[in-house]
């Protein structure tokens, strides 16, 4: 006997624990998903927080209670389908959400008086009912602001799935209550903190809160506009209205039903892509229709389970049989289920035994080829094997299936054969008992609404079928350019070319048979079937109209026909329930205009292709046809072949999260884009020596980059991509045009005038003609964004949107003077060439110089051009490296240096040599004038001596050549007869005194060249030694770093080994 409370609890604890262990998964899942429903923040949550902050605890609890009742009503709608259709289906509520939010915002946008900010203290206050009603309605609308409506919908799915599990329902309710309690307590805490921490009066704080919440609700309404489909009349619908103004019967208001009048699921609101059908075959990989989710109880392993893919045709068939009050006692259901379960178990046992025996045979030593099951295959006489799908011996074990036009679930018999005997249909000997029983029972129906497949067609149906077939024969029906919408009531459009083959088959059957049944209609394609039924229904409407007219005219015999037709038309769903329920995929069955290029402002295509930029025109052939050259934009493709009119904001994989976003990325890869920075010091813990080396290397690399950065092809493309959006192209193209006009007509003319005026002031000849000639040669050509030339005066098409480049041919560079060589100075050039030939040492060098001179002349003939940048610089290629311009002041500096330093020094040298020569010549002239007078008289000797003089002088070095030129000018001023011989003799004496000969001079030059080579070799060796010394100095530091790395890696490996060993022992 239990005498105390602890003993009672200990006794009860054991069954409670066993119950929790048994239902722990459902209990935990219920609490988790119940709590998740309170996380998504909607307008009702915002209203309750506003009520807590502005009107106190009492109004906040009223708002939360409205929120809770609204959410409870949504949960109850899962178990009651009419309430679910009203609340969860978005057709009606979508129209009401936005007007109500805007009305509420208009109501609270301005603070009229401060009495509305006073806290509520009693239930009698009228504001409580308003707050409760607002939060209740907003919760029924079920819009979610943050983070996503998925969390709210998860519980709905699980409640529907586990509605029979009491533990899940109870735990989810507990989790939901806990979440609501937490929300209320957090609201109270927020109110308390704001009241206590506010430095000013709380009434003024309330005014700020009032204003902020009105802004939040307005922003929420705008966000709802972007998410929900707006029921506006589109452009295409307007065109249809204008086209059908003359036809009042086909107006869209009368024909379209709710909710497709406002929300047509076939419109391109969703960002769906258009996929064309194959041009060569009628079979398309795209599904034309999908089966709707249909929920009903079905059997799985002999047990009743909820199936979401139950066949609707079976459900309606069962429903009609139940309505007819027939006792279906043909077979007892329990016997069928028991037999089915037994067969399944026997099959499992057989398979298990078969595998067990095979394993035993393998253990006993049999080969695998002997144990594997062997099958017979059909083959031709030639030895060719049939495919598995065509082989009757293997077709049962083949996974694939043949395409069958009929639905296997319709009540049509495949085994019977139709034979024609005196215009009647007879079945074969194999009778279908189920079919006979159903037909006998259906004949006893009072109201025969359910049509069976083997029943014959009525006269009206046969007439309409023949009319349709004759119409398709006369006019080949084509609906490639029209939109099909069969779920609207105006689906009376023509058939596609693809369905003509089935119409031909039906025509042949009509010709063969006189008695037609509904099976022929079942074999038609879905479009033809719906078209036939719509025509049949329209025919009934027309006969009803005619009968009404006759009735009003006085023919009272039409009353029976009117009543009969009205009963048939009012109940259209019960007429033809033999067809399966399916849903057409929301896509256009018609053929849209899908071209490769989407030219803006023309509207050729119905699909948004990738952006195309016009490059220009290319003239080809004798006819000189203009071919448009195009290119795709370098930007990422934000369009992705979407149909015009679709909502791009609802795309899944193309997220836009930046103001200026160059590339398009999926949100899944955003974490890869934002790479975290790695701190090397925290990971490796390196000493400051290593840090100093890294800092030095960074500084050196930065300095090298700052000197001159060469742009590669990839860099140029990257810069072009950055500029390739409309606003940037607009600004850049205007800047380029301004820069070209400034350069051509303002800057360069000013510089030319300034230069020539200064030359006049310096008493130099101005170079107007040369400068203006070079300025006129400069041509500015307008090009497209990629650099293809368009014209000198005309701009390319859409240059503000697509971009612009300006190419400068023969760019003008200002020169301090022009080096114009006189072509009349030919003898000087000839003498120079003779001198070069006589000099054996410099002969090869001079040949190289002549070749370089000829190459330069060829290069000058090539076209000189550059591209202008937006800042006035010049580049060799679009977005390439900035071109270095020749300096104006550099040649002036060189000239000044020569005039200031080199010329005075050379003049002094020349004067000293002249003085020496004059002294020597005067003395020797006095001594040898009388003795060698006879020699001077003979002119032939003088000519020979003069030639010798020239030969000797050319073989001297550069300094002696200068002396020769200066002395020749002085000596030739004296009489030729007397002074030439004196000059030659003087030179010979000088050479004898100094012992200078030509051979010695050549030897000296060779030695000098050898010395230069030796010096070069020494310099290279010194550089190599310096590098080796630096490497030797850095060796200890590098060794330290490598040792530290090895030490760290060893530590990491040790920790990994210890963890692995500990895990191994824990597992064991």
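Cβ coordinates come from backbone N, Cα and C, glycine included.
Per Swiss-Prot, the range carrying the annotation transmembrane segment out of 68-88, 236-256 is 68-88.
Per Swiss-Prot, the stretch carrying the note transmembrane segment among 47-67, 131-151 is 131-151. The transmembrane segment annotation in Swiss-Prot falls on one of the ranges 213-233, 276-296, namely 213-233. Panel annotation: around the transmembrane segment (166-186), residues 23, 26-39, 45, 48, 60-61, 64, 67-68, 71, 155, 158-159 of the same chain, lying at least six beyond its termini, place a Cβ under 8 Å from a Cβ of the stretch.
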